[in-house]
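Participant: Just passing along the structure, written as structure tokens.
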Amino acid sequence: MLTRVLIVEDESIVALDLQRRLIRLGYDVPRVAASCEQALKAIQEAMPHIVLMDINIAGDIDGIDTAAQIDLPVIFLTAYSEESTLQRAKASKPYGYLVKPFSERELHATIQMALERHQVETRLKMSENLLAIAYAKMESAKRELELHASELFKEKQRLEVTLNSIGDGVITTDHAGNVTYLNPVAERKTGWSCAEAIGMPISRVLTLIDEETGLESVSPIETTLKTGQVTGMAHKSALVNRNGSRFSIEDSTAPMLDRNDQIIGAVVVFHDVSETKRLADEMTYQATHDELTDLVNRREFEKRLQKAVQGSVLHQQQHALAYLDLDQFKIVNDTCGHNAGDELLRQITGLLRLALRANDTLARLGGDEFGVLLETCPPYVALQISEKLRNIIGDFHFSWDGKTFPISVSIGLVNFGGQEAERQGVHEIMRFADSACYTAKDLGRNRIHIYQTEDNAITKRHGELDWYTKICSALADNRLALYGQKIVALNPSVDGQHQVHVEILLRLINQEGKVIPPMAFIPAAERYGLMPEIDRWVIHHAFSFISKIAAPENAMFSINLSGGSLNDEKTLNYIYEQLAISGARPQSICFEITETAAIANLLNARAFIVSLKEKGCYFALDDFGSGMSSFAYLKHLPVDLLKIDGCFVKDIISDSVDAAMVDAINKIGHVMGLKTIAEFAENQEIINQLQMMGVDYAQGYGVGYPEPLTK
């Protein structure tokens, strides 16, 4: 039977995505709730086994208070970390936390551990209840011993059968902590028979150690006999039996009281969780290691790098990071296939390990890229090790299916430590190493490039820094210009077609007066976070232009917005402000956002679109089809137009696959009630083909070249 999961999440898109992921993992997700009331109703009707609860849900009762009303294992989902909220959540004793965003592997592991814990606690409660009932009956039998001796004997027999049949180990002691009873499970686990153990100290029969330190732990029975309180075993405890074997266990100890509430002994109930722990350790290992090479993965590598950075500040240590990229990997992959590429990576992994010290960390960062963290390593030693890595790979020839390939590696080396490393941070150090590595490639490959603060080679390769200054200067001097390119209807019968439809494009004017196309400076603007400011410049000047020209009432002007603006609340407020100031009609404005930016910021993009559509603006999804998940996310974005990526359109005459892609996107867009625009309509032949396909609009040099808006 499938595990039934109830999702309590007021963000419908998040809930839907989570539901699909759970179903893909093999769970049954019959219901989704958004509030406390819906959750309680769904639990009665669907009877789930576990609840995934967002802390912030709809209604007056949040997820934490809702969880308090549910007698089911609850895993909290949250993107927040306020101390007060965490303390409230902790007090509710959840079965786990998942911090958004999270992977399917984390989701599955957390659910499985929660279910296992719930089952363990349920069994423990059942055992405790059985024992409580048993001893209550025994006490009752004692009070009536003279009158019911035979009944007492029968009851004792029944209790022994119960204790002998349960799956948990049970041990009882007298008030001094000496063993008075072991059930069969306890006998098997401890290695002591009941007859041998009776009268022995509990610490000798039930020997407990801390699994991490190996040191002996205090027996919970000793604590219970002293305090009279129910006591749980320390976290990560193990039982060492008579033969020296170890078992990971969990237990609970309770006092036994006489009719005067005096402690007469204690009972411990425990069970073996070795297999559960093994599975948990295995999942933890898989989450931190690369499956192909068994090396540390990027996420774990960055964690260790962070520790090294912090340690360098405390202990004034010098470390180094080597970033490796194989020079011939693509040739092997393309020539012999992915199996050969995988085998090459495994063999390279073995070679790299031979050249490293015991305390060095080797990781696969992705593809054919490796990282080496050299801790407590001065620069000259780091260079020696890097040369050793380069030489050992350079001497290696990879053979596959009768073919032999020489292999080499380019290495970027960064030395770091102290306050400067802490200021730079992990991601900056990784970026330095990556830049140095690819500079080594640019300089001829099969070499080491050491990153330095004043590094002309890296600066040359990454000219974005220079563009950053140029863009800031252009914004300050108002040296940006708006161009317009026509979009025409391909079918006169298209409903709602606009008499004038123009996409507003941006150009930069350099200090010599030369017009610079956007692809020369936009990547740098995106890299350094300048796009929201550029977008605001375009919005201001475009709205001003639209409000002043005598355009037809049904004219449409398309304005591009970057992914950065979708996450910038200032941009949304700025648009509201400029609409009011300029007097431009919202119905004449269509904002274009790229598919990639929309998918990367799905929730923000949807909220952004909905807010402006309420004002009357239109939205187009630009470059549609370029992403891997286009159709999966399209239905979640309330856009009006689809702009089919020009990479498919430009070759539809000669490439049947591209033609089929354009036709499919067009048809799906129409099924969803959207108008379609084909970009890169370079000539009349392409335009005719688009018209035959039923595409609504075309844009490109075959329709018209971009021209300054003043013309």
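Note: Cβ is positioned from N, Cα and C throughout, glycine not excepted.
Keep in mind that TrEMBL annotations are predicted by a computer and have not been checked by a curator.
Because the structure is a prediction, the values reported are computed rather than measured.
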Participant: State the residue range annotated as coiled coil by TrEMBL; the candidates are 124-162, 358-396, 475-513.
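Facilitator: When 124-162, 358-396, 475-513 are checked in TrEMBL, coiled coil belongs to 124-162.
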Participant: Take a look at 4-115, 155-228, 317-453 and tell me which one has the most Cβ pairs under 8 Å to the domain 'EAL' (464-711).
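Facilitator: Checked against 4-115, 155-228, 317-453; highest Cβ contact count belongs to 4-115.
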Participant: Would you mind checking how many other C-beta atoms are within 10 angstroms of the C-beta on Asp54 (4-aspartylphosphate)?
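Facilitator: Result for Asp54 (4-aspartylphosphate): 25 neighbouring Cβ atoms inside 10 Å.
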Participant: What is the pLDDT of the domain 'EAL' (464-711) when averaged and given as a whole number?
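Facilitator: The predicted confidence over the domain 'EAL' (464-711), as a mean pLDDT, is 88.
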